[in-house]
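Novice: Have a look at this one.
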Amino acid sequence: MAFLTAVLYLGFACISQGLPTWPDRVESRNPLFGSRVALNLPSLLDGNRHHRDMRYPLYMMQLYQNLVTGNDTGLANRPNTATKEYDTVLSLFAKKCTESENRWTLSFDMSAVSRSNELKLAELRILLPHTEPSHNITMDMYHSRDGEDNLYLGSFNANPPSTKGSPWKVFNVTKILQPYFKERRDIDSEHLKAKERAERGSGMSNAEFIDAPGPSQQYNPHQTSVPTYLNTKGVMLVLFTKVKSSANHIGFPSLIKTAESSKYVDIEKASRVPGIRRHRRNRNENHHLSIGSIPSRHVENGKPLCRRVDMIVDFEDIGWSSWIVYPKKYNAYRCEGACPIPLNETFKPTNHAYMKSVVKLYQPERVECPLCVPVKMSPLSMLYYEGDEVVLRHHQEMIVEECGCS
């Protein structure tokens with residue numbers, strides 16, 4: 001972990017922005033150690049350009065670093081957003097921004113949101129210039145996919161003051177989006193017209209909802225005016241979600257499924273690695289790996305005892321570096337070695353494994369030897385592209401913590 005932290009600090013030295021603050025509070029500029037970037041330009045949101053011209057929000061990169069280094073106080077202080085309450089963070093840039101007097105219309109493509117996800121927190125982050133005047137604004141939010149029918153999500157009033165510190169303004173839109181998640185509609189194929197959703201939204205008792213746009217103010221998909229104070233690069237919706245327990249892990253976007261469906265995977269490079277074959281979820285894949293050497297303990301027949309050894313996974317070597325932003329490599333560890341007969345508590349055997357070792361001692365031809373396997377695993381937080389969006393997700397059972405015999 002110390003090595004990973006050091007790598008992250010070097011990687012983020014020139015591309016970081018301050019920690020987020022609670023909605024309706026002006027952000028304080030708090031760059032990471034070694035940062036030399038003044039974050040007051042919308043263009044900085046693009047991050048470093050990849051050779052395939054991909055972009056990622058710097059906010060997502062810092063959120064990833066905060067989680068890995070344990071500096072997650074910014075989220076822990078927010079209501080209902082303890083670190084353990086979410087396992088996925090999805091960032092969505094606005095697809096379109098339009099303006100009609102003091103009414104702003106923001107459109108997002110939420111097709112990447114899984115039906116099995118439960119919304120924990122939704123933040124609308126808007127980058128405003130220092131010269132932005134103070135006046136009341138009504139913001140209408142829509143889901144729009146490929147310029148097709150528009151799904152009205154909700155509206156709220158905002159009065160963003162002139163900012164003297166960070167130009168970022170953060171709004172908590174969780175209550176506005178919760179009905180959309182609870183409907184459990186297939187957003188890839190089912191769309192409601194803006195007028196229908198607006199009429200339904202206006203009747204909600206939620207204080208964060210305001211009256212729906214009137215007939216003369218309804219969203220016009222052909223409207224071309226762009227707000228003076230923002231553009232799509234400076235408007236981002238950040239969704240903190242958790243897979244519902246009722247989903248029973250069916251359809252959960254595992255790393256294997258994400259890799260198989262990613263358009264950024266280097267198939268040609270991966271095909272050159274010998275011996276690659278597919279496994280079930282939660283099992284390590286047989287990729288090109290670098291194994292470190294650890295001093296061995298020996299038993300009577302000369303074989304080392306069951307122990308944990310290094311297994312460095314380098315995503316560049318397996319053709320995954322194009323879609324995985326961080327980490328570029330990590331130590332997954334693995335288990336190898338012999339299990340003594342009979343077993344003892346040092347190797348954390350189950351009762352069944354212990355009895356199996358006893359039978360093996362007295363009847364060696366009857367059963368096979370216990371196997372050296374992982375008995376404790378830990379998750380790995382990963383920042384990567386899922387389709388055209390950037391996702392921060394905690395993948396379970398990615399690192400071997402302890403080995404034992406079973």
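Note: Cβ is positioned from N, Cα and C throughout, glycine not excepted.
Worth saying up front: this structure is predicted, and the values here are computed from it rather than measured.
Feature list, courtesy of Swiss-Prot:
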| type | residues | note |
| --- | --- | --- |
| DISULFID | CYS306-CYS372 | disulfide bond |
| DISULFID | CYS335-CYS403 | disulfide bond |
| DISULFID | CYS339-CYS405 | disulfide bond |
| CARBOHYD | ASN71 | N-linked glycosylation site |
| CARBOHYD | ASN136 | N-linked glycosylation site |
| CARBOHYD | ASN172 | N-linked glycosylation site |
| CARBOHYD | ASN344 | N-linked glycosylation site |
| REGION | 195-222 | region 'Disordered' |
| SIGNAL | 1-18 | signal peptide |
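Surface or core, plus neighbours and distances: that's what I need for these features.
Specialist: The Cβ of CYS306 (disulfide bond) lies under 8 Å from the Cβ of CYS335, GLU336, GLY337, ALA338, CYS339, PHE347, CYS372, CYS403, GLY404, CYS405, each on the same chain and at least six residues away in sequence.
Take the CB of CYS403 (disulfide bond) and look out to 10 A: across all protein chains shown you find 24 other CB atoms.
Here the Cβ of CYS405 (disulfide bond) has 28 other Cβ atoms within 10 Å, regardless of which shown protein chain they belong to.
A coil conformation is recorded for ASN136 (N-linked glycosylation site) in the three-state DSSP classification, outside any helix or strand.
According to DSSP, ASN172 (N-linked glycosylation site) sits within a strand segment.
Annotation note: ASN344 (N-linked glycosylation site) sits in a coil segment as assigned by DSSP. A C-beta separation below 8 Å, combined with a sequence spacing of at least six in one chain, links ASN344 (N-linked glycosylation site) to none of the other residues.
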Novice: If I take the alpha carbons of ASN172 (N-linked glycosylation site) and ASN136 (N-linked glycosylation site), what is the distance between them in whole Å?
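Specialist: With distance taken Cα to Cα, ASN136 (N-linked glycosylation site) is 17 Å from ASN172 (N-linked glycosylation site).
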Novice: State which of the following glycosylation sites has the fewest other Cβ atoms within 10 Å around its Cβ: ASN136, ASN172.
Specialist: ASN136
Novice: Count the Cβ atoms, other than its own, that fall within 10 Å of the Cβ of CYS335 (disulfide bond), considering every protein chain shown.
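Specialist: If we count other Cβ atoms within 10 Å of CYS335 (disulfide bond), we arrive at 19.
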Novice: Using a 10 Å cut-off on Cβ-Cβ distances across all protein chains shown, tell me which of the disulfide-bonded residues (CYS339, CYS372) has the largest neighbour count.
Specialist: CYS339
